[in-house]
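Scroll down for the structure; my scribbles are underneath it.
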Amino acid sequence: MKTLLLILGVVAFVYLEPGYTTNCFTCTTWTLSCREFEKCPPDKGTCFKRWNSTGIAIRRRYTRGCAAACPNPVGNEKVFCCVTDNCNK
């Protein structure tokens, strides 16, 4: 029984990922939709969505990506941040 537990422990240890990284939707240019996502580096585990808050909502353009911390809005921008996979849609 002890041998079985030891084997299960070793198998679990071998197949565990060394660290969890967040997946975020990403687009570096201002656009209406982002369909691509990236696996964020371990030091950038926050997803963000940034948009300009002026004008009609239907005409808003967005940027999305990974960040070490939630970016500060510039001018009339709004920023939404989250820390779960693909939460910045």
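Cβ from N, Cα, C; glycine included.
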Worksheet item: CYS70 forms a disulfide with which residue in Swiss-Prot, given the options CYS66, CYS81?
Response: CYS81
Worksheet item: In Swiss-Prot, CYS24 is disulphide-linked to which residue out of CYS47, CYS82, CYS87?
Response: CYS47
Fill in: Nearest of the disulfide-bonded residues (CYS40, CYS66, CYS70) to CYS47 (disulfide bond), judged by Cα-Cα distance
CYS66
Practice prompt. Let me know the DSSP-derived helix, strand or coil state of CYS40 (disulfide bond), please.
Written response: coil
Worksheet entry | Per DSSP, three-state class assigned to CYS47 (disulfide bond) | strand
Practice prompt. Report the nearest neighbour of CYS87 (disulfide bond) in space among the disulfide-bonded residues CYS24, CYS66, CYS70, comparing Cα positions.
Written response: CYS24
Fill in: CYS70 (disulfide bond) as reference: those disulfide-bonded residues from CYS24, CYS40, CYS82 with C-alpha within 10 Å of it
CYS82
